[in-house]
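Record features (Swiss-Prot):
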| type | residues | note |
| --- | --- | --- |
| BINDING | 45, 46, 122, 123, 148, 150, 161, 162, 163, 164, 165, 166, 185 | NAD(+) binding site |
| ACT_SITE | 45 | active site, proton acceptor |
């Protein structure tokens with residue numbers, strides 16, 4: 001088995017990475033940053049999202065595991081003091097026999113220059129710079145509503161505990177193949193009327209957002225701002241690809257939710 005390590009620059013993370021490298025070498029597990037079987041992120045959720053985007057062209061070949069060295073992470077099952085357990089598990093419980101797959105977001109942006117495709121692990125949002133955004137919202141090829149407000153966010157189930165939740169979105173179990181559309185500060189009047197609540201679509205449906213004014217529209221994918229001009233429409237659907245996580249030691253999803261937002265156990 002070959003392992004790649006992606007990490008942030010915190011001092012505690014650097015110490016953990018050096019220790020992890022020693023543990024892997026002791027078990028005879030090779031390190032290969034180019035063509036790994038397993039990508040281990042060391043840091044937090046942001047580090048794992050960076051690791052996902054770094055290796056998104058190899059999703060059919062790689063699995064992910066996360067070690068968090070700071071605050072609780074939804075994608076990081078292991079703490080830095082658990083690394084011996086993780087490496088022992090990798091040596092005795094093969095990755096290909098202990099993995100779970102979660103859905104990703106496929107976003108296609110159509111501009112006057114053509115089409116561009118993006119993959120998101122958490123969410124993709126669309127906004128207008130400095131002014132209110134006006135757009136038509138289509139669901140499954142049928143016109144649904146006229147939107148006016150700060151913007152719209154489409155999230156995956158794993159992303160439902162991130163930005164979408166802060167917008168009032170539902171928390172969705174990551175094994176469900178669905179996408180969720182949430183509004184960002186919508187304005188309702190006689191011309192622009194929205195449903196006013198999050199929308200969850202079926203696996204075979206898709207979401208289309210058509211801005212009324214195509215210039216000065218900003219698209220943000222997993223927190224990264226994408227510079228595009230003359231955005232004519234944006235289509236969202238569940239991606240054919242999925243992200244796979246090393247499942248051995250994988251924490252129960254609702255346990256994570258409780259620990260992150262309630263903490264009364």
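Any Cβ shown, glycine's included, is placed from N, Cα and C.
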Cβ-Cβ neighbours of residue 165 (NAD(+) binding site) (radius 10 Å): 20
Three-class DSSP secondary structure - residue 148 (NAD(+) binding site): strand
C-beta crowding around residue 148 (NAD(+) binding site), within 10 angstroms: 19
Number of other Cβ atoms within 10 Å of the Cβ of residue 163 (NAD(+) binding site) across all protein chains: 20
Nonlocal residues around residue 185 (NAD(+) binding site), in sequence order (Cβ under 8 Å, 6 or more apart): 149, 150, 151
Set of same-chain residues at least 6 away whose C-beta sits under 8 angstroms from residue 122 (NAD(+) binding site): 49, 155, 156, 158, 159, 162, 163, 222, 223
Cβ neighbours within the same chain of residue 161 (NAD(+) binding site) - under 8 Å, at least six residues apart: 74, 171, 256, 257, 260, 261
